[in-house]
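Trainee: The transmembrane segment annotation in TrEMBL covers 116-138, 187-206, 281-301, 321-345, 357-380, 400-421, 465-482, 502-523, 559-581. For 390-496, the entry in TrEMBL reads domain 'TMC'.
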Amino acid sequence: FCFLHGFDAEEDLVASLASMSTNERIKAIQKMPETMRKKREIRNKVLKEISKKSRHRGAQPSCCTQCLQGAAVSFRRFGNTLSEYFHLLRIWHKALKIIGAEFGTSVLSYFVFLRWLLNFNLFSFLINFGFISIPQLLAAEPNNLSFTGLELFTGAGYFEKTVLYYGFYTNATISKIENGPSYNMQLAYIFTVGIYFVICFLILFFSMGKSFYRNFVNSQVLYGKASKLLCTWDFNITNEKAVKLKQKNLSTQIKEDLTEVNKEVLSFSVMERLLRVAVHLLAWVASLGAAVAACSGVYFLSINNLELFMKGYRNDLESQAAMLVLPVIASLLNTLIPFFFSWLGHLERFQTPGQHVYVTIIRNIILKMSIVGILCYYWLNIVATSESQCWETLVGQDIYRLVLVDFIFCLLGSFFGEFLRRIIGTTVFVSLGPPEFDIGRNVLDLIYAQTLTWIGILFSPLLPGIQMIAFLIVFFVKKVSLMRNCQPPCKVWRTAQMMTSFMFLLFCPSFLGVLSVIGVTVWRLKPSEGCGPFRGLSSMYSAVSEWIQVLESYTASKWVVWIYHNLITNELFFFILSTIVL
């Protein structure tokens, strides 16, 4: 009787599923608390029931309908196969799972942020290459300069006459066919860069808002623990390695949540509190003093760097090699001083690892953004007013060298800061043990590199492609160094808000500071007379103003003119927009 009752229930289920639409039927089968094998059996029975009903009705589809259905099925299978291959190409997917299981979400947040920046630069490169570089390549003349190999480090010489730099781009209208469609390089250049920064702003703004809502507003800590314990396990996992990795990952996450709930509140005496405050004040004085000294050194080096620029502009490769002094010193300061900040953090003995990480991040952001500010002042107030034939290309070369040398020092930091530290901690001073992964220092290295890339886009449109390759190499070098040289954090701690903090630091001060630099360059500085798409204009923005004057004589373009006069040039519009953003 029970068997017949179960058989009738299954028949009723199949009949009800057969009466649903395709999407409803798929969702209903997915929600069933059954094994995958049982779900497949039910799906096959439902499909047989549907085909039986269609034959019973005599509704035989026409030849055209059968062809369309066959094409749709083939296309769907091709799409599924393609998505599987793309999933296999996501080479970091498994790496992120292993990192999360071994080292927790704090270290994982760094690699997730790095992957996000890598995708961001891929998007930047495709936009600039598609709308700026390809049209210029179609109209470019052959490069007669010789390539020696030193240009890979200096960015000068042969590269000056390529699409890598602003000075190579024409100010003419490109047209390959007589009386055919034309391409205005001035408008293409400024609109591509402008629209790109608008898209960056929206992506950063909504990513930060989404992360803030998920991790601060709607965190639901208690619900998170219940869901991890009762509802997180994926019963489709059958591979033994995958099962163990999933168990380890869940175990780490539950430990982090429990640490957040069971954290101890330490009580200190009055003297101990005064001593801790004194140590914190001394650490801040030392860190700020180091930042001021570093900025002073970078400023005086940049003044000498301009003289080398002027001497080495005639392809004197030895002089161009000497120009590496500024980026090497700047990168050396950006690499060594953060180690000093980390050492100060250990002396201060914060109560939680989170406090240590956030204080280190603040100190690093002060250092790195101050150095970038000094460099921007040098580029916009000294290089831009120099007697150079093409100051924009000089700035592009400077940023290229900074990005390249910073990448090299990032790799050296992994070797000296993690590999040698592990050797010392496991052989010489065994009590030290292997190092922990320094999240604050490594995250600020990424933000510093991305800030340089954003500034350099106007002067070197293909710089995001170079940074994308650098980030890809950094991802795998850091992953290998983490696995072989570092130990998991001694204190497990929950870092749900870490990614939000990274986004916020990338947005402010990094991105907003870059917008200020780009705004001054576009609106206030006079372009070079002998190079670039804006030669002969009083400012880069004058290209837009002249284009609007041309459009005023066309009736069909009145709406563009209205938007320009009532929105783009209206301070009230930007005031309201800024208020909404805030």
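The backbone N, Cα and C atoms fix where each Cβ goes, glycine too.
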Trainee: Within the same chain, where does the transmembrane segment (400-421) have neighbours whose Cβ lies under 8 angstroms from its own Cβ atoms, ignoring anything closer than 6 residues to its ends? I mean 6 or more beyond.
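Mentor: For the transmembrane segment (400-421), the sequence-distant neighbours (Cβ-Cβ under 8 Å, at least 6 residues beyond its ends) are 152-155, 159, 164, 323-324, 326-328, 330-332, 334-335, 339, 375, 434-435, 437-438, 441, 445, 448-449, 452-453, 456, 460, 463, 466-467, 470, 473-474, 477-478, 481-482, 484-486.
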Trainee: How does the domain 'TMC' (390-496) divide up by DSSP, counting helix, then strand, then coil residues?
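Mentor: Per DSSP, the residues of the domain 'TMC' (390-496) fall into 79 helix, 2 strand, 26 coil.
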Trainee: Restricting to the same chain and to residues at least six past its boundaries, which positions have a Cβ under 8 Å from a Cβ of the transmembrane segment (187-206)?
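Mentor: Hits for the transmembrane segment (187-206): 120, 124, 127-128, 131-132, 135, 169, 454, 457-458, 461, 503, 506-507, 511, 515, 518, 522, 533-534, 540-541, 543-544, 547, 581.
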Trainee: Under an 8 Å Cβ to Cβ limit, what residues of the same chain, 6 or more beyond the ends of the transmembrane segment (357-380), are close to it?
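Mentor: Residues 106, 284, 287-288, 290-291, 294-295, 298-299, 302-303, 305-306, 330, 333-334, 337-338, 341-342, 344-345, 348, 350, 395, 398, 402, 438-441, 443-444, 447-448, 451-452, 455, 498, 501, 505, 509-510, 513, 517, 520-521, 525 contact the transmembrane segment (357-380) from elsewhere in the chain.
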Trainee: Need a quick answer: max count of Cβ pairs under 8 Å to the transmembrane segment (116-138), which of 281-301, 465-482, 559-581 is it?
Mentor: 465-482
Trainee: I need to check the long-range neighbours of the transmembrane segment (281-301): which residues 6 or more away from its ends have a CB within less than 8 Å of a CB in the stretch?
Mentor: 325-326, 329-330, 333, 337, 340-341, 344-345, 347-348, 363, 366-367, 370-371, 373-375, 377-378
Trainee: Which bits of the chain, at least 6 residues beyond where the transmembrane segment (559-581) starts or stops, bring a Cβ under 8 A of a Cβ in it?
Mentor: 205, 544, 548, 551-552
Trainee: Would you report the average pLDDT that the model assigns to the domain 'TMC' (390-496)?
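Mentor: That region's mean pLDDT is 86.
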